[in-house]
Amino acid sequence: MQLNSTEISDLIKQRIESFNVVSEARNEGTIVSVSDGIIRIHGLADVMQGEMIELPGNRYALALNLERDSVGAVVMGPYADLREGMKVTGTGRILEVPVGPELLGRVVNTLGEPIDGKGPIGAKQTSPVEVIAPGVIDRKSVDQPVQTGYKSVDSMIPIGRGQRELIIGDRQTGKTALAIDAIINQKNSGIYSIYVAIGQKASTIANVVRKLEEHGALKNTIVVVASASESAALQYLAPYSGCAMGEYFRDRGEDALIVYDDLSKQAVAYRQISLLLRRPPGREAFPGDVFYLHSRLLERAARVNEEYVERFTKGEVKGKTGSLTALPIIETQAGDVSAFVPTNVISITDGQIFLQTELFNAGVRPAVDPGISVSRVGGAAQTKIVKKLSGGIRTALAAYRELAAFAQFSSDLDEATKRQLTHGQKVTELMKQKQYAPMSVFDQALVIFAAERGYLTDVELNKVLDFEAALLSYARAHYAELAAQIDKTGAYNDEIEAQLKKLVDDFKATQTW
């Protein structure tokens, strides 16, 4: 076989063209100190803020302090075997976590790795944990409800899709219980839920996961865990990871609800990291940017308009708005809402549900204080029937609290005051609700209708809850069609009012409570 020079030169050219060599220039640095999970690195001149730094042993650190001649980074994972002189490399990318419907029903850590023993997740997409929140033009006003299933919340402090509603109170006042019930109530509402547990005991988290599974809500929920035994870095990053998972649904025209339980522990973890990085401490030893820590997280909870969703999905989803509703939880010390972190989060959110120890200990559960709890934007999203009927509930409770304090000093009260006190006591009793027993729109509307139209006047105080239970079971047995109609539409008109009146009159005639 003879080859001429042209063929040889063509063959060589072909080989050269198909030869593929990839050269990758990566920044390299050297560890100069390791202490308390913080490493100082010499070199890495063009590292970014928040960049992932690759360490020996398939671990990563997060660059947080960019100084003149060194980089301060926090290690995500064990650091006992890291030594001075070890080589590290910059990755050129910031932290990303897996996102998508594959995560529903799973328990993951801050990095999106499964920790529930159910095998790999197989998510098809990842998303950066730090994303800039949608701008003003991309947002739409809140006008659709998120039903928590609690009478006291849905009637007096309504929450809308895309709202940020703070749940605040001392330890052991039922904050987590309220949030978990809100998640359970979404199992058939089409709203996906994300529960982020920060700095909690592993046994507490396991109990929450079991309850969600028992009530059939885990299949629509992602649980993100940074337990008390995890490093401060993972506790600090967990809310951002959960938020990225929630934004996946928001940006595709779906609705999601995220619970941060709780942001006080995240702030403490961030304080720990900041002090170890030698950042100057401020009030309560928190760093100066602790407000920004929470504001950039909570601003990502929003309702986005149709144009935003269409642009994001490149025209795949048309005519749908998306929302991410946030329920951040803050733990106060002895009811002190004027501390640094509580005041910050109150000023960022669109309202707060304040839970009081005194009410909780008095058996009023959920222990919502209607006097200082407020929803700034939820009124527009409230179900029409509940909005129409519940106007007098807050007023009755506020007047009752005022009169109850006044009545302690006076024995001879006039009839009108006595009536108001009795009505207030009965409404307070009626607002009580058991855990894991969320109520439908119809159930809430019926109970509030009975209270507002004076049907409780001849019911003894200790029989109010029995009256409620009997009324609801009677309604379900005899007025199932009306119940289905109200649950579906939430509408209220003269015809529905007449039917509700007939229902309660018929029930009272039976005297079966």
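Residue numbering: from 1, along the chain as shown.
Backbone N, Cα and C define each Cβ position, glycine as well.
Summarising the annotation, Swiss-Prot assigns ATP binding site to GLY169, ASP170, ARG171, GLN172, THR173, GLY174, LYS175, THR176. Following the DSSP three-state reduction, the secondary structure of GLY169 (ATP binding site) is strand.
A C-beta separation below 8 Å, combined with a sequence spacing of at least six in one chain, links SER373 (site 'Required for activity') to MET156, ILE157, GLY351, GLN352, ILE353, PHE354. Per Swiss-Prot, site 'Required for activity' is recorded for SER373.
Annotation: LYS175 carries the greatest number of neighbouring Cβ atoms among the binding-site residues ARG171, LYS175 [cut-off 10 Å, Cβ to Cβ]. There are 26 other Cβ atoms within 10 Å of the Cβ belonging to THR173 (ATP binding site). A coil conformation is recorded for GLY174 (ATP binding site) in the three-state DSSP classification, outside any helix or strand.
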